[in-house]
Amino acid sequence: MTLSNGKVHTKSESSSEPPPRAKWDRPVEFVLACLGYAVGLGNVWRFPYLCYRNGGGAFLIPFFLMLIFIGLPIFFLELFVGQYTGIGPLEAFKAVSPFFSGVGYCTLVVITIISIYYMIIVAWTLFYTIVSFAGQLGWESCDSDYNTDFCYSGKYDNVCRENNTGTLDDMRYYRRSCWTVADICIDTGFLPHTSDTCLNGSEPVNWYVNVTRILASEEYYNERVLGRGDATWENWGTIQWHLVGCLALCWLVAFFCVIKGVQSAGKVVYFTALFPYVMLTVLLIRGVTLEGAGDGIMFYLLPKWETLLDARVWGDAASQIFYSFGVACGSLVTLASYNNFYNNCHFDAVFVSFTNFFTSIYAGFAIFSVLGFQAHLMGVSVDVFQLQARGKGKTSRRSRESIKNSAYAPNNGRRELPITRRLLPNEHAKTDNDDKVYCLILSNMSARVECPLRSKPFDLKCENMDMNMILRWSDTNLVEHVAADGPGLAFVAYPEAILQMPVPQLWAILFFFMLFILGLGSQFAGIEAINTAIVDRWPKFRKRYWMVTAFTCTSCFILGLPMCFSGGVYLFTLLDWNTASWAVLLIGVAELGVMEIALSYGPLTSSRAVHNSRRRPRPELRQRGELDVLKKPDLLNLRVYRVNFTWATALSWSYGINRMMKNIAEMNMKLNKVMQWYWKSVWTVIVPLGSVGILIFVLSDWTPPSYEDYVFPPFADALGWLVGLSTVILFPVGIAWAWYHGYRGKELFQPTAAWGPADRSLVTPRSDSIMTVDTVHTGQYDNIGYIM
């Protein structure tokens, strides 16, 4: 017999009870975990791209406003729900309103899917890291079987330019050998002029205007890393064992990091959250010392104030907030549920949000300083370098074979150039300038274009366009058509720039290892969210938490194997396209709906609570253990035969915006009047309306999924919609669950008995509670005083 927490337990009874929920050892561990979750790959490869595409420095204004009025409020809201209740998202949203019982399960589906495909990116970064440690950087060569005749290697180009003297005989790397600039001009239909220009009639133009160059790093990424080849949705290709091995190693590392939940992850985050900042600083210092870095930074931040009048800019800022903060996935609720009840999560939310904001800007400097250096070495402007390095500009193997065998031979007095998607503007954002781009590419006065993005050819007429004007326009205004983001920046543009640095192996190791740590750190919260859903539902597994972690990691690894095939990148694109966009926004709106509807109805009355207590017990009571008082003695061996005590006291904390402020104060977070006004206004008006507006914008701007030049077939698009719907279908299922368990009318929108503070000492009996006290004889003693 043992005595703990003022209760008497027999040996068998103590051994059968699940251990208490774990907690963070220190508040800083929670902050670092949130920081590692929020600051991820998107800060490095997505924000810089959005920033320069949407007006450079001017984009910081809408991004900051979206942070203040959308990102931070939802971020703090999820931390508040998790810390206040001390339970995971599945039970928390069920407790706050039975109507929204399915929201927690929706977040579980979303974070599971994201964890599966996000680890594929981490596996790519690990492969690059291993290759970098091996010493041979495969993306520097154009000598592999998969390389096309238009492969461009900066390393080989340096060899060609070693003896250049500023004449027409200067050499450049072109078509996998060294060509003089004069020969390149002639081959592309111009006349030789200088060492850097050709003549188009009497107008000098840059020698690279009509040159097709595919970076070796891009061909390496698509063919060596992904093994894409001829893969389609109908022909999935072969399994890429090197990706299987890297994926397995990633999940193994993640398993050991979170093997004991927050107790082990809390130690790992000291490294995974802080190390990327060290690497970013090292890369930034190196980048700004390179020639041409200033041009890259100016290209990144030069403000274009007129873009603030474009609705797309504001939509991109809002979508980046959701993308970067990782809200509406249940992970933040999970992390906060392991907090001490009196932790200042208000400060944590503000600190992490602003750190995330400044990290995005900081990463942009590190990235574009190096891209400016690479563009300088290639003798092109940053926008043209981005054109030749964009990850989305990739031709299929079938198209590449036609390019290999093509020659720019005259045809009836007109040159016909091979058309690839890398040289075409976005087919979903056609503008008047697009015709100029087409004419620029074709460099003729009339053409019939076989466009892979359209079902049939279309006629392009350029007779009325001044070609010299078009060429001048292309040098200054092509930026929005050639933006590179995502894998195109991380695995194509930046690796190519690294090759030009002294000791490129060192910088490759630092860069890709930083990406690996960033990606891995973002995974911890997702794994913990899945684990928490399991152990909250079946608390007995807390004793064997490592088995739950092993199950989660193994299952996600197996489900990720299809993305290790040649066509796996198509499935990866489909999941990302339909999960991390409109589905997350829908769930975010639902989360806000929980608060809005709950504050509209207020608390349940005591009489209603008494009436409900006479119904058959509901699941949340069994989950939180309130019914245990009917069968287990407490310190005074009292038996409570009415449960309206728990219902009445718990529901007294039911939502209302003023009650939310009171709940926050109970956790020792004192807010002044200004901050209270701010939170009330954003939670009740601005965030709900803003989130719905963002959702409408995303759906109105929706485009079918595609990968580079490959547009997915209709059945794949339908599969994508099914994936997206699978993340929200559990919402109506949750409503049906609530209806089946007897919730009707206003009860559907009111907090249940499971809602209440994690610190149960704050729950005090109401004066109108109905309760009796009976003596319960258990075992040898009827009073614990006899054993003292």
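For all residues, glycine too, the Cβ spot is worked out from N, Cα and C.
Any TrEMBL annotation is an automated prediction that lacks curation.
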C151 - recorded disulfide partner, TrEMBL, among C142, C178: C142
Cβ neighbour count within 10 Å of N43 (Na(+) binding site): 25
Segment proximity, the transmembrane segment (677-699) to the transmembrane segment (30-47), 3 or more C-beta pairs under 8 Å: no
Contact between the transmembrane segment (102-127) and the transmembrane segment (321-338) (3 or more Cβ pairs under 8 Å, separation 6+): yes
C-alpha spacing of C151 (disulfide bond) relative to A38 (Na(+) binding site), in angstrom: 37
Those residues of the chain, 6+ apart, with a Cβ under 8 Å from that of L518 (Na(+) binding site): V39, G40, L41, N43, V44, P276
Listed in sequence order, residues not in G36, A38, V39, N43, S324, N356, L518, S522 with Cβ within 8 Å of the centre of the Na(+) site Cβ atoms: L35, Y37, G40, L41, G42, G326, T359, G521
Annotated stretches the transmembrane segment (350-373) and the transmembrane segment (59-81) touching (3 or more Cβ pairs under 8 Å): yes
Leading contact stretch, 321-338, 545-573, 719-740 vs the transmembrane segment (59-81) - CB distance under 8 Å: 321-338
